[in-house]
Structure formats: structure tokens, C-alpha cells
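Colleague: First, the structure itself, so that you have it in front of you.
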Ligand SMILES: Nc1ncnc2c1ncn2[C@@H]1O[C@H](COP(=O)(O)OP(=O)(O)OP(=O)(O)O)[C@@H](O)[C@H]1O
Ligand SMILES: [Mg+2]
């Protein structure tokens with residue numbers, strides 16, 4: 001049977017920009033290939049019947065890299081922890097190809113761990129299996145939580161021994177293919193500014209607008225409009241991370257997509273509890289990219305992007321665009337938190353106090369962030385409309401004493417107050433909304449670590465697949481039932 005991946009209609013979109021933007025490379029050859037994860041949902045999104053795609057097809061295309069288009073290592077620089085680094089670029093990946101989804105939008109297949117390139121510096125060009133697994137889990141969980149994210153199309157174990165300072169070594173290797181809107185990064189523009197090439201900035205800008213902001217293509221102000229929309233997309237994304245309790249960990253400008261989509265999941269974590277200073281990367285000593293800093297860091301990255309863009313866009317327009325960030329972030333975050341609490345909308349300005357109280361309740365008590373919303377979802381019932389003391393009192397909430405108890409009571413009373421305004425139908429809808437916005441299973445770091453143990457000890461992959469089912473279904477029980485039936 002012919003390999004469907006080799007018969008997709010690949011569009012040489014980035015390729016037509018020319019060699020100023022990439023280097024043609026070839027993939028490494030690996031000792032063996034074992035498909036560990038395939039994402040059939042993406043096949044459907046591409047209009048490919050998953051039944052027609054065998055595991056060997058995945059291995060041929062995304063492990064042995066049989067292909068119809070050249071492999072392109074994309075060039076970029078970036079600000080890393082505030083320092084400009086001109087020695088970046090795809091050092092362990094390349095653009096395999098670009099295809100349209102059934103929605104008409106263009107997507108990248110980008111590799112990670114496929115071998116060395118001119119940008120590998122002294123590194124091996126490889127990805128650890130554990131790193132690949134962690135990225136699969138992050139992308140699938142964020143997707144379930146409604147965050148605009150890249151996905152993982154495949155993860156293939158490749159049989160090499162890798163040495164890493166942050167994993168017991170030797171450790172196992174893998175190659176991953178990422179499915180994302182684009183791998184053009186803020187750093188792709190920054191590199192062109194570094195070389196003083198306004199012409200290349202302009203070409204790239206036209207390309208980005210054509211493929212990712214096509215609604216502005218014929219507008220006289222298309223550059224300014226593009227930047228203003230990017231600002232809003234990034235602000236929306238950060239609000240989604242914050243509501244999802246997600247800390248990306250490495251918000252360097254080479255990890256910021258020009259489409260406003262989230263990607264590159266290295267040392268990320270879902271926050272265990274609401275701690276604004278929670279820092280995901282062990283090497284982020286100052287906590288620069290901690291949970292609460294994410295909005296202003298991303299706004300700062302957008303501001304940095306003005307440097308290359310101002311080679312072709314009026315700086316006044318860029319300033320006006322950036323001004324949209326704060327309100328877009330606040331508005332989206334507010335709405336998402338209102339939804340996480342189960343409501344469609346809450347009246348303003350009076351409900352602001354309630355939202356603040358919710359965050360403070362989470363901050364000042366030893367409540368798990370995800371656990372709290374999960375308890376709210378599981379316990380939600382009609383009786384809460386009658387008796388405020390029942391609210392969120394299901395098993396699992398720690399005993400509150402002293403000022404903490406009165407804090408909880410104030411919160412319950414306000415929640416109760418808003419519940420009383422709802423009709424029986426609205427109460428039903430509220431239950432559904434709680435379930436939609438609060439998956440009862442969000443993998444914390446320890447849970448991700450726990451699936452790695454059986455893999456290294458006895459090559460047991462069941463916990464990994466079960467965890468992915470849990471993430472998809474949103475509940476542990478449902479996932480376990482589904483796997484055993
Ligand atoms: N093992 C490696 N071999 C070669 N280059 C590497 C390796 N690990 C990281 N790099 C390079 O270091 C830089 C920063 O890495 P970072 O972890 O942000 O990106 P990445 O995870 O490799 O790729 P992506 O951003 O596409 O997810 C990139 O230029 C990357 O290609
Ligand atoms: Mg990166």
C-alpha cells in the first residue's frame with residue numbers, strides 16, 4: 001500500500017523564500033525505529049483516513065525521512081534570558097514539509113531530534129525519548145484545555161544512547177514530528193535585523209501575512225494590522241496558559257511563534273498550586289520565566305520584535321499595536337476564569353471582587369490549583385443553590401481554620417450569590433461548562449515522572465498510553481474504563 005504521507009500535497013511555501021532563510025540538510029540514520037506515539041486526530045484534520053496509514057508508513061516518513069520535499073533547517077536567532085544569541089537555528093530539526101488541513105490552513109511538519117545541522121554547534125542533534133514524551137503530553141494536555149498549541153504527529157524511538165546533564169545517562173533517543181501552524185519565530189526576524197537586511201524582513205513579513213494573516217493581505221495598512229493582531233494573539237495565548245495553570249518555562253524569543261501559537265515544551269510544568277513565583281526550568285535561577293511573569297515577558301518579547309519590524313513598519317504603528325496587549329490579556333484571562341468557575345458571564349464591575357477572592361483563596365491556602373477546579377466540577381449540584389456551606393465541601397478539600405475558614409466562607413457566599421441568579425436550565429449548562437473548562441486530570445510533574453519509570457525499568461508503555469487517555473477524557477476513571485473495555 002502506497003504511503004499516504006508521500007502523497008500529500010506539500011506546498012513549498014517557506015521553501016520559495018529562498019536560501020537566505022534556511023539550509024538544506026539531511027536526516028540522521030538511526031539504529032532502529034519503534035513507533036511510540038501516532039496522532040490519528042491530526043490525520044483526520046488533514047483529510048487522511050487513519051485506517052489507511054500503517055505504523056510502517058509513519059516510520060518511513062518520520063523515522064527514515066523518505067520525503068518529497070527537501071529538508072530545511074530554518075535559520076533564527078533569539079533573546080535567551082535577555083541576552084541576544086546569534087548562534088541559534090534548527091540545530092536538531094528541520095521543516096519536513098507543509099500541507100493544508102481540511103480547514104484550508106497551512107501547517108508545518110517540523111522534526112525534533114532528526115540529526116545534526118549547521119546550527120548544532122557542538123551538540124548531537126538528538127532528542128531524548130523522555131523529552132519527546134514530555135512534549136507529547138504537554139501538547140495533548142494543552143489542546144484538551146483549549147490552549148492554541150502545536151501538536152505532536154509522531155514520536156519514534158531511535159535506538160541511540162544519549163548523554164545529557166539533566167537526565168540519568170546514557171538515556172534513550174527519539175525523533176518527533178511536530179504539527180504546527182508555523183515554525184517561523186520572533187527570532188527568525190531578529191536574525192534578519194542582526195544582518196541589517198530590511199529587504200529580507202519585508203519578504204518574510206509578506207510571506208507571514210500571505211499564509212497566516214491572509215485577511216489583511218489586500219489592506220494598505222497590512223503591516224500595522226498584522227502586528228496588532230499578533231499582539232492580541234499572543235496576549236490571548238498567555239491568558240490561556242495562565243488560566244490553564246501552565247508555566248512554559250523557556251520564553252526566549254526563539255520559542256515564540258509568529259502565529260501566536262504555543263510550542264517547544266522542554267522543562268514546562270503545570271503548576272501544582274497557585275504560586276506566582278513557580279518556576280519550571282531548573283536553569284532559570286532568577287525565576288525570570290516564572291508563572292506570574294509570563295504576561296509581561298511575552299509583552300516584552302513583542303516589544304523586542306519591534307526592532308526588526310521597525311525596519312519596514314512605522315514605529316508609531318508598532319507602539320499602537322503593543323498598547324492592545326494589556327486589555328486583551330486581562331479580558332481573556334477574566335473570561336476564562338469566569339468559565340472555569342462554571343459561569344458564562346458575570347456582571348461587572350461587582351464580580352471583580354469575587355474573581356480576586358478566588359485567586360486569593362487559591363494563593364493563600366494549600367489547595368492544588370487543578371484539584372480545586374476539579375473538586376468544584378465533581379461536586380457541583382443543585383443543592384449548592386440552597387445552601388452555601390455545601391459549596392466545594394466534597395471530600396478532598398483540606399480542613400480550614402481561623403481566618404482561612406472565614407475566607408472560604410466569604411468565597412462560598414459570593415459563589416452562592418451568583419448561583420442564585422441562575423435558572424434550572426442554566427444550572428445544567430453550568431455543570432457542562434465546568435466539565436469543559438476543568439479536566440479532572442492534569443498531569444503534574446510527578447505524574448509525568450511516574451510514567452517514565454516503568455518505561456526505563458521494564459519497557460512498559462501502558463502507563464504512558466493510559467495517561468494520554470486520561471488527558472483526552474479528562475478523568476482517570478473514564479480513561480481506565482475505556483482502556484479495559
Ligand atoms: N541536542 C541538540 N543538538 C543540537 N542543537 C540543539 C540541541 N538541543 C538544543 N539545540 C539547539 O539549541 C537551541 C535552543 O534549543 P531549544 O531547546 O529552545 O529548541 P529545540 O527544543 O531544539 O527546538 P524547538 O524550539 O523547535 O522546539 C536551538 O537552536 C536548538 O536547535
Ligand atoms: Mg526552542
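For all residues, glycine too, the Cβ spot is worked out from N, Cα and C.
Annotation comment: TrEMBL describes 254 as active site, proton acceptor. The ATP binding site annotation in TrEMBL covers 89, 91, 92, 112, 124, 125, 178, 185, 264. Positions annotated as Mg(2+) binding site by TrEMBL: 255, 264.
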Colleague: Tally every other Cβ atom lying within 10 Å of the Cβ atom of the residue listed as 'active site, proton acceptor'.
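Modeller: There are 20 of them.
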Colleague: Can you tell which of the binding-site residues (124, 264) has the fewest other C-beta atoms within 10 angstroms of its C-beta?
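Modeller: So among 124, 264, the binding-site residues given, the one with the fewest Cβ atoms within 10 Å is 124.
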Colleague: At the level of the C-alpha atoms, what whole-angstrom distance separates residue 178 (ATP binding site) and residue 254 (active site, proton acceptor)?
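Modeller: Roughly 16 Å, rounded to the nearest whole number.
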Colleague: Tell me, if you would, which residue among 92, 178 (binding-site residues) has the fewest other CB atoms within 10 Å in the structure shown?
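Modeller: The binding-site residues 92, 178 were compared, and 92 has the fewest Cβ atoms within 10 Å.
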Colleague: Just to be sure I understand: of 89, 124, 264, which binding-site residues have a C-alpha no more than 10 angstroms from the C-alpha of residue 255 (Mg(2+) binding site)?
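Modeller: Within 10 Å of residue 255 (Mg(2+) binding site): 264.
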Colleague: What's the CA to CA span in angstrom from the residue listed as 'active site, proton acceptor' over to residue 124 (ATP binding site)?
Modeller: 19
Colleague: Under a threshold of 6 Å between Cβ and any atom of ligand 1, which of the binding-site residues 92, 124, 178 are retained?
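Modeller: Only 92, 124 qualify.
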Colleague: Listed binding-site residues are 89, 124, 178; which sit with C-beta under 6 angstroms of ligand 2?
Modeller: none
Colleague: Validating a neighbour-count step here. Other CB atoms within 10 A of the CB of residue 89 (ATP binding site): how many?
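Modeller: Neighbour count, Cβ to Cβ under the 10 Å cut-off: 23.
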Colleague: If you draw a 10 Å sphere around the Cβ of residue 255 (Mg(2+) binding site), how many other Cβ atoms fall inside it, taking every protein chain shown into account?
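Modeller: For residue 255 (Mg(2+) binding site), the count of other Cβ atoms within 10 Å is 20.
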Colleague: ATP site residues 89, 91, 92, 112, 124, 125, 178, 185, 264: biggest Cα-Cα distance, Å?
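Modeller: Between the most distant Cα atoms of the ATP site, 22 Å.
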